[in-house]
Amino acid sequence: MKAPVRVAVTGAAGQIGYALLFRIASGEMLGKDQPVILQLLELSNEKAQAALKGVMMELEDCAFPLLAGMVGTDDAEVAFKDIDVALLVGARPRGPGMERKDLLLENAKIFTAQGAALNKVAKRDVKVLVVGNPANTNAYIAMKSAPDLNPKNFTAMLRLDHNRALSQLSLKLGKPVGGIEKLVVWGNHSPTMYPDYRFATSDGASIGDAINDQEWNAGTFIPTVGKRGAAIIEARGLSSAASAANAAIDHVRDWVLGSNGKWVTMGVPSDGSYGIPEGVIFGFPVTTENGQYTLVKDLPIDDFSQKYIDKTLAELEEERSGVSHLLG
């Protein structure tokens, strides 16, 4: 049996956490031969800690052979001790009448503290995925608060946007989603992100040629993917939790186990490619192997695409400037 991998999950008793933990414990994220120890962080209030205890009881009751141990805590340094993987799911949701800038600042406090805790106690090669919104900027804050860790260890989740876009293309083409490759989602995990199928193929054939409808692209496809989260809240009365958890599993599984040459979208610190300033955490096409990701470089960016990329970058830079005074 392999040595257990330590996985931290924050916001562990929340909706996404509840949809995520059982799948991690069953081996869906790191492999069916990889034992895991779950290190679970929740808020210190009584209600959150009681809910966490209940979730841990349920995890025990599943008798997962791969679940080698659990820790439940309200202390980030306990949750992050010696971890290999961190899923930062917990974030302050936007309350009624709350301005976006207030939300940014509230979350900046959380992710500054969590970045510092990771810096202090996590393994030096820890893989960090930020799910809690605003995910790109929260990941940037955590990265900047962990100066002793490699910035490449910090990523933001754009896989939900990527999967949503795959599904919309599959519906449009009437073709199975599994045959679609080389889709890209550029930018921020927000309604400004840009799903781009110019390079995508379905069973090897160009999707751009098959659809060949710029009106559908600009008027239906891009806004449908961008507003999908809001549409789910409207329909369900709650935000998308199971699909977000599924995307987190996909993101980490591909990062750790490899994407087998397939392009996937990850929010990663820019190296200056595609005119994105260095260090900005931005959705890019990547391939992954041996626990490392590599940017897909030198894709041509046409005027239509540049407009969308500029817009999502402007939003990210605005978010970054809103929290820069907290980062020294």
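Every residue, even glycine, has its Cβ placed from backbone N, Cα and C.
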**OP:** Write down the one residue from N133, N136, N212 that Swiss-Prot lists together with R94, R100, R164 as binding substrate.
**Re:** N133
Original post:
Taking G11, A12, A13, G14, Q15, I16, G17, N107, Q114, V131, G132, N133 as the record's NAD(+)-binding set, what's the max Cα pairwise distance in Å, rounded to a whole number?
Top reply: 20
Original post:
For the binding-site residues Q15, Q114, N133, which one has its C-beta crowded by the most other C-beta atoms within 10 angstroms?
Top reply: Q114
Original post:
Just checking: which of G11, Q114, N133, R164 have a Cα that is within 10 Å of the Cα of H189 (active site, proton acceptor), counting only these binding-site residues?
Top reply: N133
Original post:
Could you give the Cα-Cα distance between N133 (substrate binding site) and Q15 (NAD(+) binding site), in whole Å?
Top reply: 14
